[in-house]
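Copied over from Swiss-Prot, here are the features:
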type	residues	note
BINDING	Asp51, Ser52, Glu53, Tyr54, Asp55, Ser100, Leu101, Glu129, Arg152, Glu189, Lys308, Lys332	NAD(+) binding site
ACT_SITE	Lys131	active site, N6-AMP-lysine intermediate
BINDING	Cys426, Cys429, Cys444, Cys450	Zn(2+) binding site
DOMAIN	609-689	domain 'BRCT'
Amino acid sequence: MQDIQLDKRLSELLSQAVTPQTAQPLMQALSQSLNEHNIRYYVDDAPSITDSEYDRLMQQLKKLEAEYPQFVLADSPTQRVGGLALAKFEQITHLKPMLSLDNAFDEADFTAFHKRVSDRVGQVSFCCEPKLDGLAVSILYRNGVLERAATRGDGTVGEDITENVKTIKSIPLRLRGNNYPELVEVRGEAFMPKAAFEALNERARLKDDKQFVNPRNAAAGSLRQLDSKITASRALSFYAYALGVVEPSSHELAKTHYEQLQQLKSWGLPVSSEIKVCDELNQVFAYYKDILTRRSDLPFEIDGVVMKVNDIAQQQTLGFVAKSPRWAIAYKFPAQEEMTLLEGVDFQVGRTGAVTPVARLKPVFVGGVTVSNATLHNADEIERLGVMVGDTVIIRRAGDVIPQIVAIVPERRSEDAQAIVFPQHCPVCGSLVERLEGEAVARCSGGLFCEAQRKEAIKHFASRKALDIDGMGDKIVEQLIDKELVQSPADLFKLTASMMTMLDRMGMKSATNLALAIEAAKTTTLPRFLYALGIREVGEATAANLAAHFGSLDALRIATIEQLIEVEDIGEVVAQHVAHFFAQPHNLEVIDALIAAGVNWPAIEAPSADEQPLKGQTWVLTGTLNQLNRNDAKAQLQVLGAKVAGSVSKNTDCLVAGEAAGSKLAKAQELGVKVIGEDELLALLAANR
C-alpha cells in the first residue's frame, strides 16, 4: 500500500511545473522512489520498472539537484557516484567488537563443536549460510539513514569507509519502512561478484594494468580506495549476516538468527538466498556438501559455510571466548590455493590453433584434488607473472575451473631457474606460430593441415550448417581419424561404403547410406563452403556476405585486407583473419584437394536491387516454424538482402514469430517492431522467387 501511495504521489508531483516551491518535495519523492526501486531490484529480486525508466527518473533527479543543490538529500541515490578523494582513512572504534570465527575443517571438527554447544544448552538448530570471501563491514544507521561504515580492522578499531560503502548499489542509503530501531548496526560482507571481477581484470588487461589475483583482493582493494569514484566503478555487492548494536535495546527483534536476517531483509538490506535452518547434524553435513558441490556455479566466491546457533537466547547463554563467539563456527572448504614447484612447461595446440602453455607441477593437493598441471594462458601471462621453470608458485583451483598459477614466491627462486621460451613453430605440425597484433593468443598457422586441429575442423566441415553430410556425427568423424581413414576434409570424399564398414556398429546398409550422403554433399553453395572451412570469426552471415561481395572463390583468395574491409559487416580484425587464412599454403592445398574431389557450387550472380527488396533491413526469427526450418528461412531472407540478427533491438525492422515465441516477441511488441507470422513470411518469400 505504501508503494502504491509513493508512486501516486510521485506521479502527481511530476505532472506539475517545477518551481522552487515544488522542487524540494519532488526531489524527496524521486529519491524515495529510486531508493525503493533499488531495494526491489537488489533485495527483493522483483524489479517493478524497466532499466530505461529507472535511468529516466535518475536523470531527472540529477537535473533537479544541479538546479537546487540546497535541497539535495543525504540518502539521494545520486550520492552513490563517489565524492572528493580522501587524504587518509579515519579510524573508527566499533561500538561492539567485530569478532572472528573459529574454524572446522572436517566432520569430526564440526561434530566436536556440536557436542560442546549441545552439552551447554541442550538441543540446537543451526542457521547455515555461505561464507563469502570478501571484506567484513559494519554499517550504522541512525533513524533509518546510513550514517557511517567501517572495516573490521583488528576487531576493535576499523577504518572509516562510509563514502565507499555508499557507492554499493545493493546497500540502502535509507532503510525501508519505519519499524527499525533508532540506531542499528548491520554487519555483513562486501564482495565482488565473479562476473564483475572478470570484467575488472579484462579492463586492466586491455590497459596493460596490474590485475587482481582473486575477487577477495579486488573487493578489499576497491573498498580501501581513498577516491570513492574508483570504488563506484568496481560493481561491489553486499550481503548482511548479523545485527550488531541496537538502540534502544528494548526494540523488539526476532527471536532467532534466521528471523533476524529476514527482518534485515524487510528493512531493505540484501541477505543471501542460500541461508537454511538445519535441525539435525546430518542436515548440516548435507547442506555443506550441497554448497560445496554448487560452489563453482554460485555468482560469488565462498570459502566455506558458517553455522550459527539459531536461537538468540541460546547464543546469549553460550557467550564468547576471547576472539570468537561460542555459538558459531566456519566450516571451511578444502584449500583452493597452495604452493608447489613449477617443474616444466608444455605447449598444447587447441582446435582453433591456439598455442597454450601448460605448467607441469610437482603434484599438490588443492581444492579437493591432486593437481599436477595448470594453465599459464599465454605469453603475456607468463611475462606478467614473471614466472620461470624452477620457481615456487601459488596454484589456485576453483570448482571445475582449470587450475592456474596466480603468483610466484620470488624469495624462493633458485639460482638455476630457467626462462620460459615460447615456441616459434607448432609443436604438433611444425607450422609457424604467429601472434596477430592486438591479440594475446599465439596460434599455429597450420590450419586444416595441423593434426591437433583436424578432428574439430572435420566435425565442423561436415556439420549441418556447413556441408551438411547427413549421418556424419562427431563419433564417426573421430573413428575415421583414429583409424587413419581420413586425414583432411578432402579425404571424406574418397571414402567408400566398404571402407566405412570398418567402423564400430557400421553395417553395409548404414555405410552405403552414409556414402550416398557424402556424394550428395559435394554439391553445395559458396557461402556454405566458406563457412565449412572454419576461418576464424567467419560465421554463416559473414560467409554469405563474402560470397555475395566477391562472387567467386578465386576472387576471394586474392583479396587484400583493404578489399575485405569493404564487405558488409566486416571490420579490420575479421579481414585480417580471412586474408591470413588464404595466405597459408597448407589451407590452399586443402581447398584445391576438395575441389579436385568434386566439391562444387553454382556460380553466384550479383543480385539486382529488385532482387533484394530487404537490403538494409534487420530481421529476427523466433519460435518454431512448421513449414520451413530456421536455417532455410534465414538463408532465404539473406538472399533477399536482409541481415538476420539473433536478438531484438530498436534497430530491428521485422520479427518473424513462430509458435511458442517468447521474450523476443514481448520485446518486439514493447519496442513497436513489426511482427509477422510464418504464413506471411512464406508469402513474402514466394512473391520474390
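Cβ from N, Cα, C; glycine included.
Everything Swiss-Prot records as a feature, shown here on the structure.
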residue: Glu53; record: NAD(+) binding site; contacts (Cβ under 8 Å, 6+ apart): none
residue: Asp55; record: NAD(+) binding site; contacts (Cβ under 8 Å, 6+ apart): none
residue: Leu101; record: NAD(+) binding site; contacts (Cβ under 8 Å, 6+ apart): Val306, Ser324, Pro325, Ala328, Ile329, Ala330
residue: Lys131; record: active site, N6-AMP-lysine intermediate; contacts (Cβ under 8 Å, 6+ apart): Ile302, Asp303, Gly304, Val305, Val306, Ala330, Tyr331, Lys332
residue: Arg152; record: NAD(+) binding site; contacts (Cβ under 8 Å, 6+ apart): Met98, Leu135, Ala136, Val137, Ser138, Gly158
residue: Lys308; record: NAD(+) binding site; contacts (Cβ under 8 Å, 6+ apart): Phe126, Cys127, Cys128, Glu129, His257, Gln315, Trp327, Ala328
residue: Cys426; record: Zn(2+) binding site; contacts (Cβ under 8 Å, 6+ apart): Val349, Val355, Leu432, Val433, Cys444, Ser445, Gly446, Cys450, Ala452
residue: Cys429; record: Zn(2+) binding site; contacts (Cβ under 8 Å, 6+ apart): Cys444, Gly446, Phe449, Cys450, Glu451, Ala452
- line: Here the 10 Å Cβ neighbour count for Cys450 (Zn(2+) binding site) comes out at 21
DSSP helix/strand/coil residue counts for the domain 'BRCT' (609-689): 32 helix, 17 strand, 32 coil
- prompt: Which of the three DSSP-derived classes (helix, strand, coil) applies to Glu53 (NAD(+) binding site)?
  reply: helix
Statement: Same-chain, non-site residues whose Cβ lies within 8 A of the Cys426, Cys429, Cys444, Cys450 Cβ center for Zn(2+) are Val349, Gly353, Pro427, Val428, Gly430, Ser431, Val433, Ser445, Gly446, Phe449, Glu451, Ala452, Gln453
Field: Average pLDDT across the domain 'BRCT' (609-689), rounded to a whole number
entry: 83
- line: Cβ atoms other than its own within 10 Å of the Cβ of Cys444 (Zn(2+) binding site), all chains, total 27
Message: Need the DSSP three-state call for Cys444 (Zn(2+) binding site) to compare against my parser.
response: strand
